[in-house]
Amino acid sequence: MDWKRSLKEKLRRDGYVRKSEQEMKEEEMSLFTNYYTEWKGGGKVSSAQNIPRFYYRLPAEDEVLQQKLREESRAVFLQRKSRELLDNEELQNLWFLLDKHQSPPLIGEEAMINYTNFQTVGEKAGEKCKTFFTSKVFSKLIPNDPYGRISIMQFFNYVMRKVWLHQTRIGLSLYDVAGQGYLRESDLENYILELIPTLPQLDGLEKSFYSFYVCTAVRKFFFFLDPLRTGKIKIQDILACSFLDDLLELRDEDLSKESQESNWFSAPSALRVYGQYLNLDKDHNGMLSKEELSRYGTGTLTCVFLDRVFQECLTYDGEMDYKTYLDFVLALENRKEPAALQYIFKLLDIENKGSLNVFSLNFFFRAIQEQMKIHGQEAVSFQDVKDEIFDMVKPKDPLRITLQDLIQSSQGDTVCSILIDLNGFWTYENREVLVANDGESPPDIDDT
């Protein structure tokens, strides 16, 4: 059979016309464009249909079925994530494997492991451990070891920390009602309330005090992690800060007295803050007036500053509740922190311009001068103090000081103390004497 003749006959019957080279190139390009567009998900559709979905509406309060479905699906997801974590038995097995594959020579008492043995342990440890046995993790932990090894203890602590972070994230996510990766105030309150029975250092707290303790603990999280006062905190931010570590430190039954006193979440600290509030509340109505708050600390906060506190902060019939008082205490006890400086700066910014000028500084310092006269102290020139403040802060604009200037100067706490607290100003004025008598406790203004 003559195939050549048969094919020509077939093409003739089908009406085939031989195309030029240019036509063939155009056809090829057209086919390529169509196939490529189809493969990329394109086509003759509007661009809006190609935008991936990025908003998922949360079920409304009356959509009970959708809410239940969402809760159940999240619970199943979190349970699956929890099962993917190493349990105590698996962690113990990992430790045995690491100890078994130590890499000589032994230097001191520190057990080390090289990269070859590190990979061997990773293969034997199981599927759950694979994420820890990567070259990236090894290079992160490698010290100045002449043999290119890492510390077994350091690596194991790294694994333990990672597992703890994931466990804690899952635990916090259970209280994330919206499922959006953040906790509202009520969510965090529920978390801490259910955490109290697991913290031996809080065993002595009366149940009647639980609500005040929870309020005290939650305020620290929101004061520092929610500076814009949105009413919610990212779970990621909670894990990244040290507050949760401080809170869970209360699991230690042998926690020293010094550690408890310096820990905001400890029972002694919470009772101290609440006790101060009760002592200030002379009329026992559960709220603080400006006159009652004026006795806070050493009683040397200026009237002008206290006026600003009650103008700017949330009050009820001109009086301050416990939650607002906690923000006030956190700001004054942590004046070096940006969140505390932001709180105080807002009170100092009487013109609401986002900066402090000479007028603002003079407005507050006049109250300091008046208090000095009352205590029989020698008057101090505002010009001298103003020049010292600008020299300390070194603002970008020589005529005004912004919040960012205060934070970057690392002198924000000193500047704030000079302007709002007579005792703070006196401490600054006599700093050279205090340094000379470093071993002695500084006297109050009344002692001078």
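Using the three backbone atoms N, Cα and C, a Cβ is placed for every residue, glycine included.
Copied over from Swiss-Prot, here are the features:
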BINDING   Asp281, Asp283, Asn285, Met287, Glu292  Ca(2+) binding site
DOMAIN    268-303  domain 'EF-hand 1'
DOMAIN    336-371  domain 'EF-hand 2'
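Those residues of the chain, other than Asp281, Asp283, Asn285, Met287, Glu292, with a C-beta within 8 angstroms of the mean position of the Ca(2+) site C-beta atoms are Leu280, Lys282, His284, Gly286, Leu288, Ser289, Glu319. If you draw a 10 Å sphere around the CB of Met287 (Ca(2+) binding site), it holds 19 other CB atoms from the protein chains shown. Residues in the domain 'EF-hand 2' (336-371) partition by DSSP class (helix H, G, I; strand E, B; coil) as 25 helix, 2 strand, 9 coil.
The secondary structure of Glu292 (Ca(2+) binding site), as reduced to three states from DSSP, is helical.
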